[in-house]
Every structure is written in structure tokens, then in C-alpha cells.
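Trainee: This is the structure I want to talk about, given as C-alpha cells.
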Amino acid sequence: QLKSLGFSFDWQRELSTTDPDYYRWTQWIFLKLLERGLAYQAEVPVNWCEALGTVLANEEVIDGKSERGGHPVTRVPMRQWMLRITAYADRLLEDLDELDWSDSIKEMQRNWIGRSEGAAVRFQVQGMEGSELEVFTTRPDTLFGVTYMVLAPEHPMLKELTTPENSSAVESYVKAAASKSDLDRTSLSKEKTGVFTGSYAINPANGEPVPVWVADYVLGSYGSGCIMAVPGHDSRDHEFAEQFGLPILRVVDGGELPYTEAGLAVNSSCSETGLDIDGLKQPEASARVLEWLESRGLGSRQVNYKLRDWLFARQRYWGEPFPVVYTEGSLEPIPLPEDQLPLTLPETDSFKPGGMGQSPLANVHEWVKTVDPVSGGPALRDTNTMPQWAGSCWYYLRFIDPTNKGYMVDPEKENVDLYVGGAEHAVLHLLYARFWHKVLYDLGVVSTKEPFQRLVSQGMILGEVEYTVYKNAAGEYVDEDHPEAQAIQVPEDECQADSNGHVLKADPSVKVTARAHKMSKSRGNVINPDEIVERYGADSLRLYEMFMGPLRDTKVWNTKGVEGVHRFLARSWRLLSDGVEDVEATRDQMKATAVMLKRVTADTEEMRFNTAISAMMEFVNAANKWETRPRSALEPFILALAPYSPHIAEELWSRAGHSGSLTYEPWPTYDESLLVESSVTLPVQVNGKVRGNITVSKDAAEEDVLDMAMKVDNVTKFTEGKKVVKVIYRAGRILNIVVK
């Protein structure tokens, strides 16, 4: 298929992130991260599947079970490698402004990083001298509205705060929460659950005690793992409060509760504590609360991020080994010297997990047991491996220079001017690559702060539209949302459009749903390119995919649409299949070529392929009416067509009398002066009202323009017998004759 479709690849630039010559540099980068304190080990809660013997990503856990096999999954603490991406959070945010990326992708990264300014507030625990709970809030102006607090099930103080009479319920709840992924726990559609710990904390704003609950919608990995709940002005807190009958207070003037917008503070004063923000707008109220908290040592200004440090270890065989060792009984990693890189994976026939969260590498004892490069004594290798993201974080730097033995990247070949990639990579690959690139920039390895200056996210081509009706068990037509509805596909020619969508031709009372879906084998809607090539040719397939619409848009495949571009190529063939003539082109012919080239050049550079093709179509329609086939006017079209339809372009180039391939020809140029209109249509006004139009040279003299205008019948009608008192002439724009 690659050959038949005319794709051109330089296979000398082929690279594989699994090649030891490549991943020696991935390991080198890791050592630099470790050296700078950006790689570290920590006990973190992970999704552990005992049956599969591995840690699972949140996306791989559904309702407390593994996506593969449906095995039970629990949250357990495990020592893992982490990358301190949070150290670069502000730079990752600020430098987005310098990138030529779509606003939507940049906004996705901003939201993922989630920088928020607010306050850290300390709540004293009632009856426990010196114990306090710290929370982060972006709305200190709502402090008077706190009616309860919530701890994450992983909170380190939960056990201490749980009273004996509540311990059994809390323990059961924590155990149940351990089987849920973070995605399950934070789903907005999930019913709120929780258990009262039996303890109370003191609201610093008014001295009131508020109950402390444990609930799984609060995550231990975000903020302090504890929130102050303001059910009057937060949707999740409001839902929880209604579920458990907790008080709901209004402290911001506005609409129906929960009112989550800004507004004037109400019910927000306390003479005992000396805090009064009633009547203040949200910014002023928040500032007043912050000053009050700081003056009493009860809180401080704080910046928080949704972004978490990156869990960088996997318990799999397949992945880059960590280039570190440990001495017996020590958890302190010892980096391998650079001359011992790459550390390669051992050969093994067993890929079963090593147990207790260890990867299959733990079973390869002769590989695990090694020598401490510093002391020469016995040591053990790390049996975790790096995630699949590691190699893809920097492959673009190696793309142009994959065989360089001496350097990770040649400085002259490092820059990426254009990156084409889907929006699905917005908050993972693209963010990780930006983080690693900034580290490499700080190390002096690369000269740019960002890896991809320009990013274009291509849309998806969906399968052909499917037309569907629905019937119940009795065979009667029903709506799609009917509980007994069974889908039945119908041919397109049995349907017709109406004002509300589609209906059956045979019975217009029956609604037909018309939808396009992502191509998949399971749906049976995959378009086989070989069949299209067999019927229409490779150039027609290439051209249609680019002509369907803007590159960034999602588009619906329609095989009938291929026929349109196929006809265009047929017209191009008729125009040029007999070759070209060595005759002088007229100005109009060269102008048509220049107009086409300007549009195709600009549109191709901006990846507006569909409009570039439109320009070529218009040119061919016009050129087919010419009486001659001048070489100077038509060969540039062949060259412009070549990137889009290389096979027919090569044949037409040959028929134009060339023996070599046009692949090595320079991009065609055009004479800019041809694009300047030599004549213009000039409106003629009499006393400020348009009475006619004349076509004149752009720089025609006033007397010549006036002479032509006075010969226009409608102008004569309004000037005859009158005295011309003034003539206002703006060359190339307008003529106004003032008469009296």
C-alpha cells in the first residue's frame, strides 16, 4: 500500500525506541533527571491487580476490576519511580503563549496543569491539642459557609481522627474505596458516599465546630487530601450535604443554591473572631480573609496545581531498564556510569510477574545480581521498567539523525518546525515531551525552550453514513430510545431527507437516523484503500482525502465523492496528455497560472489542501478552453499538482518532453506583476449618487476618465444642461462629478 499510494519515505532515517542504540540515550536522560533531583522514589497509592501481578493505570480499571480479565483491583501503597514534572509547572504554562498551537489544545494543557491561586487554611481539631487539618481553597470568601470537612480515604490523619464508635464503619469504607480508581471516585455522575469520623474541626472564621467526614470523591493525591465543604456554593459539596442531611448556608448573594459564581458576601461576619466581609465583592472579600488568616497564623497565600508528579515505573518486562543498582538492604539508587549504557534487557522465556508488585525481571536472578560500580561489591538491579512514554518523549530529536553514535542530537538537526498529531495526545505525550525538552534545554543539550513550535492536529475520517431504523419485538417501528428498540440498517437509496432529518421513502412517517462512526473492524465500516485504488487509481484516493475538507476537521467518507476528483484528473489528462506547445503564452494565460500558483503555494504551506485543490480545479477548467497549450503556462501546473497526485503528474511531465523525474524540480514561481490588475471598474457618481460604471486603466488621467464618463448614457442624463462645478477623482477608486 505504501508503494501503490505513492508515499515517499527515507528508510535510512528509520528509528526504533526499543533499539539499545536509541534507548541508551533515554537512560542517559533519566540519569540526568536523577542527578538534578527530578527523578525520585516515593510510596504512592497505585491500582494493584493481584491476578495480573501488575500495577494498572486508572484507565485500565473499571468498577474496581481490571479491564482485561475482570480481576479485582485494590489501591495499595507501593514504592515507585516518580518524575518531578510539577517543578516545571509554571514554565509549562507560561511558554504555551509562545507556541503556534490551536487555542483548544493549549487550553487543554492549561486545564490539565490547573494552576489556581488561593489560600491554605488551617482548621484546629476539636479536643485534640496541636492537631490541625490544612485545606486549600480558591474561594476564601466562602469560609463562613463551611459546614463540614472531608478527608480522602488515604489521609494520614484519618485513623487518628476516627472515634472508636465510628472505626468499624470507617475501616469498611476505606477498604471499599481501595477497589476504585481515581476516575471512578471523581466521576460527576457517581452517587456521593461517605462516613462520619466522629471528630469535629473548628471553623477559624466563626469558631463553629464542623463535622469531619471521609469520602472517596476527595483524592489523597490532590492538594492536602482534605477539603473544606461549602455546600451552598459548590455543586459536589451540595450533593453530598443533601445526601447526608448536612447544613447548607448561603454566604454569597446570587441565584439558587448551589450558587457557584462570584457575588457580594452575605452572612459573613463574626464579632468574636473580628472577621467581617459582609457586602464586599468576591476579590475584596477574599483579600480581606487572606489578610485576616495571615495576621493570626491561621493560613497563607498558596498556589496549587492539578498536575501531579509523573509515576514513571512499570512492573513489566518490556521497557527500558532503570540504569541504577542498590546495595544489599539499601533503597538508595546508585547510578550506572555512562560508559555502561545501554543497560539492556536480559533474554528470558518467562514473562510472568515476579510477585509482590515486581516485574518479570525479578525472576531473572543472574541479571538482577550485579556489581556496585562504586565499591565493586554485590548489588541488585532495579526490576521495574520505564513506561512506553519514555522513548516517545524525545524521539523527534533523533528523527533526522537516527544513527549518530557520538551525540544524542546534532545541534543543526534538532529543531522541529511543524508537528502533525492528533488532539488525543494533548495532555500526555505533548506535555511529557515539553517537560523533557525543557530539562534538555536547561542541560544545554538543545537550543530551544519548546520541542514543537507549530502543531497541527488532524481530524479523523469517519466511515460512510449509516442509515438506521428501529423496531420492537413485534416488528413495529419505534424511536431509537425505545426500551425494545432493535437497530436495522437500510440502504441509502431507500431514505430521503426532510426538514427534521431523514425518513423512509416508502413511509415518510418512519424516522431514519443517519450517523457516521469511527472506522472499525467490529462495525464493518472500514474503507479498504486497495479497492479504491483498483477502481479510481491512487491519485484519486490521495486527492479525495485532501479535498474532503480542512485538515483539522472530522470528515465523513463518501465513496461517491472520489468520482468528483477523478473527473478533475481526467480533465487534467485531456488538457496535457498530448504534451505542451513551445508557443508564447498570452498575458491572460500567464495571469491564470500566477493566480493558481499563488493560491496553491500559500494554501499548501498552511496545509489548506482542500482549497489548494480547488484552485487547481478552477485553473484546469479555464485552461481547457484555451486555443493553445503554452509550456510556460502549463508546466507550473504539473509541478503544483505533483505533491497531490504524483503518478499522473510524472506521466504528464514526461509527455511534456522531460526525461527526468519532476521530483527533483524546484517549486514553480510566478510573476507578481501579473497579479496586479491593469484596469479597474470605476463607479461614476453625479452629486454623490452612482449613475454608472466605466472600465479604465488603474492610473488613468483625470481628463481621460471624465471624458469616458460623460459618454455614459445615464451620466449624460444627469449632467446635460448643467454646469460642472467640481470633479473629485480618486485614481482606481471613484469619480464624482458635482454639477449645478
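Just so you know, glycine gets a Cβ as well, placed from its N, Cα and C.
Look at TrEMBL and you will find 110-293 tagged as domain 'Leucyl-tRNA synthetase editing'. What TrEMBL lists as domain 'Aminoacyl-tRNA synthetase class Ia' is 515-548. Look at TrEMBL and you will find 596-702 tagged as domain 'Methionyl/Valyl/Leucyl/Isoleucyl-tRNA synthetase anticodon-binding'.
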Trainee: Report the mean pLDDT of the predicted model across the domain 'Methionyl/Valyl/Leucyl/Isoleucyl-tRNA synthetase anticodon-binding' (596-702), rounded to a whole number.
Mentor: 94
Trainee: Tally the residues of the domain 'Aminoacyl-tRNA synthetase class Ia' (515-548) by DSSP class, grouping H, G and I as helix, E and B as strand, and everything else as coil.
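Mentor: The counts are 18 helix, 1 strand, 15 coil.
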Trainee: State the residues, same chain only, that lie 6 or more residues beyond the ends of the domain 'Aminoacyl-tRNA synthetase class Ia' (515-548) and have a CB under 8 A from a CB inside it; answer 'none' if no residue qualifies.
Mentor: 1, 4-6, 460-466, 468, 555-557, 559, 561-566, 568-569, 609-610, 613-614, 644-648
Trainee: May I have the DSSP-based helix, strand and coil counts for the residues of the domain 'Methionyl/Valyl/Leucyl/Isoleucyl-tRNA synthetase anticodon-binding' (596-702)?
Mentor: 54 helix, 18 strand, 35 coil
